[in-house]
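> Just lifted these from Swiss-Prot, have a look:
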type     : residues           : note
ACT_SITE : 53                 : active site, thioimide intermediate
ACT_SITE : 60                 : active site, proton donor
BINDING  : 75, 76, 77, 94, 95 : substrate binding site
């Protein structure tokens, strides 16, 4: 028997692809509202939202509808796409996902008003729609 210790080799993890790196950042970037003081709505539809059920691990699919009245900042569209894609591997309930999106959006954009609706694809004959709202205090 030899006194040398065998080293176990762990498989090398391949580097992230450029899209995976961008999604991992997932920050909500904003830019100045070009019409501060004007009350207008922005509607964003994100039809490819995915996350994982925290109980079963099965994937959940939804369309996220975001409608907001900007204050001083507007969300950059590519940034919200990448932010939403960051949920794809998270184990999170429908309710928590939509509420977390609202919290993060309000923190990044400080809108006057925002409504976020998660319309989840039916699974097991159950269709879930989660809707949350925020209105800035005067």
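The backbone N, Cα and C atoms fix where each Cβ goes, glycine too.
Can you tell me where each of these features sits in the structure?
Secondary structure from DSSP puts residue 53 (active site, thioimide intermediate) in coil. Long-range C-beta contacts of residue 53 (active site, thioimide intermediate), restricted to its own chain and to partners at least six residues apart, with a cutoff below 8 Å, comprise 59, 60, 91, 93.
The Cβ of residue 60 (active site, proton donor) has 21 other Cβ atoms within 10 Å, all protein chains considered.
Cβ contacts within 10 Å of residue 94 (substrate binding site), excluding its own Cβ and spanning all protein chains shown: 17.
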> Within a 10 Å radius of its Cβ, which of these binding-site residues (75, 77) has the fewest neighbouring Cβ atoms?
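Across 75, 77, these binding-site residues, the one with fewest Cβ atoms within 10 Å is 77.
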> At a 10 Å cut-off from the C-beta of residue 76 (substrate binding site), count the other C-beta atoms across all protein chains.
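Cβ-Cβ neighbours of residue 76 (substrate binding site) within 10 Å number 16.
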